[in-house]
Amino acid sequence: MSQRELVVLGTASQVPTRQRNHNGYLLRWGREGVLFDPGEGTQRQMAFAGVAATDITRIALTHFHGDHCLGLPGIVQRINLDRVAHPVDAYYPASGQEYFDRLCSASSFYRRVDLRTHPIAGPGPLDAPDAPFTIEAVALSHPVEAFGYRLTEPAGVRMLPDRLAALGIHGPRIGELQRAGSLLVDGRTVTVAEVSEPRPGQSFAFVMDTRLCPGVAELAAGVDMLVIEATFLDADAHLAEEYGHLTAGQAARVAADADVRTLVLTHFSQRYRTLDDHRAEAEKHFSGEVVVAEDLHRIPLPPRR
């Protein structure tokens, strides 16, 4: 299977700290590199993380608050400076078109890259040319319009060695069966369905600034990896509700209810000196893998089910 991992470029919320840069997350998915919410300093964090401008194939903004988009000018200019040969697709709330245009034209530079824009007018599937996954936008609840993203690989099949062997299908003939869909064996036709079982594709959800709402659960449902904001702790839930954010406990309860496999917490308020309580709060409610994100960490997607 191709490399699939999350490269964490920044984990702060509104105010960066000495240890935490503003947001930035690159999802590597084979030849795809989806850059989510590049905040200030993302370009420099890419250098530290070993991420090249040519790795970026798509940019996805959840909303137009500065900590989620002020790195966009540098990214757009860098992909042009480095003469990235492939088109780059950009997704963002259509209501922020004015901000997007300003960010992409923040200063003079030579435009060499085909930046294909996909403003999101409402929830639903998005155009993802040549992608090995579908992309869906789901509305969230924040003081400005915000969307979360869900990426889903199409379902496939898993060949069953025991059934293949029982029918005398070995070596190159297995590939022939997979390509053709059926194969003549000892005078009868064997189909792929007879020697395989369904294999669900991998899935990934990205949930940033939002209070609890139906969209959070919709995005999280059954995903292999959920990257979700945990700005506050449950003790400060009143602040989370007031400002349109989540607590670590809320994020963990969502993950538990949704049968998530790997929970990645991020977007932490600068009010907390350590994140030990975030982990403890999450593990109290969620028994799966909990990752408290750190800048420059690489988090592999869990193996296929």
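Glycine residues also receive a Cβ, built from the backbone N, Cα and C atoms like all the rest.
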Pick the one from HIS142, HIS278, HIS285, HIS297 that Swiss-Prot also lists for the Zn(2+) 1 site with HIS63, HIS65, ASP209.
-> HIS142
By a 10 Å Cβ neighbour count, the lowest-scoring of the binding-site residues HIS65, HIS68, HIS142, HIS267 is HIS142
Residue, out of the recorded positions ASP67, ASP209, whose Cβ gathers the largest set of other Cβ atoms within 10 Å = ASP209
Relative to the Cβ of HIS63 (Zn(2+) 1 binding site), which residues of the same chain, six or more apart in sequence, are found under 8 Å away?
-> CYS69, PRO93, GLY96, HIS142, VAL144, GLU145, ALA146, PHE147, MET208, ASP209
Other than ASP67, HIS68, ASP209, HIS267, which residues of the chain come within 8 Å of the Zn(2+) 2 site, judged by Cβ distance to the Cβ centroid of those residues?
-> SER13, GLN14, HIS22, ASN23, ASP37, GLY39, THR62, HIS63, HIS65, MET208, GLU229
Between HIS267 (Zn(2+) 2 binding site) and ASP67 (active site, proton acceptor): CA-CA distance (Å) = 10
